[in-house]
Amino acid sequence: MITVGLLGCGNIGHVIAKSQENFKITAVYDVVFERAEAFGREFGASPYSDFSEFLKEPTDIVVEAASVAAATSHAESILLAGKDLVIMSVGALADISFREELIQTAREMKKKIHIPSGAIMGLDNIRVGQISSIDKFVLRTTKNPKSLSREAEEKTCIFTGKAYDCVHQYPKNTNVAESLSIACGRDVDVELWMDPNEDRNMHEIFFEGEFGEAYIRVRNVPSPDNPATSYLAALSILSLLKNLDNPLVIGA
Ligand SMILES: NC(=O)C1=CN([C@@H]2O[C@H](COP(=O)(O)OP(=O)(O)OC[C@H]3O[C@@H](n4cnc5c(N)ncnc54)[C@H](O)[C@@H]3O)[C@@H](O)[C@H]2O)C=CC1
Ligand SMILES: O=C([O-])CC(=O)C(=O)O
């Protein structure tokens with residue numbers, strides 16, 4: 001049984017806690033301690049208000065499902081505590097020197113940093129961008145204004161530019177852009193749209209290069225408790241944890 005420490009007892013944390021099969025969440029931490037306490041009562045995990053005490057719990061892996069700020073503050077100490085790490089708030093890795101330091105720490109500690117596929121499909125083969133030339137890479141994300149905590153009467157483009165800048169302006173909505181950038185090894189182009197007639201979180205990927213061309217479109221059901229987050233994102237952590245100790249490795 002894999003033991004999991006959970007950083008962030010929100011929407012994603014609750015979805016994964018309801019499907020514990022080959023893993024058990026034994027320790028939880030949240031900046032709002034009452035959330036960790038309530039979560040601990042519901043799912044039988046120990047709640048912590050002190051992050052260093054949370055790290056002393058003998059867990060195999062910590063799942064960060066909190067915020068870019070949480071991932072930035074705590075990722076290094078999680079690895080130094082000898083635990084593998086799943087990062088959901090991938091926007092934290094947009095800072096290249098921070099990302100390289102983390103990778104170096106993971107290497108020294110012989111630990112892994114996992115970036116789940118999150119709210120998209122196809123992240124595995126997008127890694128061909130690291131070994132083969134890419135001519136075009138655009139992510140077009142379209143969400144209902146409610147998912148962006150905004151209002152709009154008509155379909156409106158609110159950002160065009162590089163993933164790095166988008167992640168800084170919309171950290172709760174564009175972790176996908178950073179996951180794609182890391183996977184394919186370049187700062188991808190991003191368009192962010194809000195559309196009052198769209199009830200899904202839609203991500204379209206336009207990808208062209210030496211390999212040929214690909215178009216991937218996912219129309220995700222938003223999480224009822226946090227419409228900015230697609231339900232698929234929580235499922236992707238579950239499939240990652242389910243396959244962690246599987247000798248058969250599927251995907252690139
Ligand atoms: N990589 C991807 O494809 C995706 C990433 N995400 C990201 O996953 C993260 C979690 O998403 P949800 O569960 O929907 O969010 P949520 O807002 O429902 O829950 C986050 C929880 O973390 C806690 N938290 C926030 N900052 C914290 C900190 N500094 N220290 C400790 N606890 C903290 C909050 O109090 C809350 O209980 C978000 O950063 C979101 O942007 C979401 C969807 C897709
Ligand atoms: O990328 C993100 O941060 C979240 C997102 O768009 C989604 O869940 O669809």
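Numbering starts at 1 and runs along the chain as displayed.
Any Cβ shown, glycine's included, is placed from N, Cα and C.
Annotated in TrEMBL:
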{"type": "ACT_SITE", "residues": "His203", "note": "active site"}
{"type": "BINDING", "residues": "Ala119, Asn175", "note": "NAD(+) binding site"}
{"type": "DOMAIN", "residues": "8-116", "note": "domain 'Aspartate/homoserine dehydrogenase NAD-binding'"}
{"type": "DOMAIN", "residues": "153-237", "note": "domain 'Aspartate dehydrogenase'"}
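The Cβ of His203 (active site) lies under 8 Å from the Cβ of Ala119, Ile120, Leu139, Arg140, Thr141, Val176, Ile216, Arg217, Val218, Asn220, each of which sits 6+ residues away along the same chain. Of all Cβ atoms in the protein chains displayed, 27 besides its own lie within 10 Å of the Cβ of Ala119 (NAD(+) binding site). The Cβ neighbour count for Asn175 (NAD(+) binding site), using a 10 Å radius over every protein chain in view, is 29. Checked against ligand 1, the recorded positions Ala119, Asn175, His203 give Ala119, Asn175 in sequence order as having a Cβ less than 6 Å away from one of its atoms. When pLDDT values are averaged over the domain 'Aspartate dehydrogenase' (153-237), the model yields 95. Secondary structure of the domain 'Aspartate dehydrogenase' (153-237) per DSSP (helix as H, G, I; strand as E, B; remaining residues coil): 24 helix, 38 strand, 23 coil.
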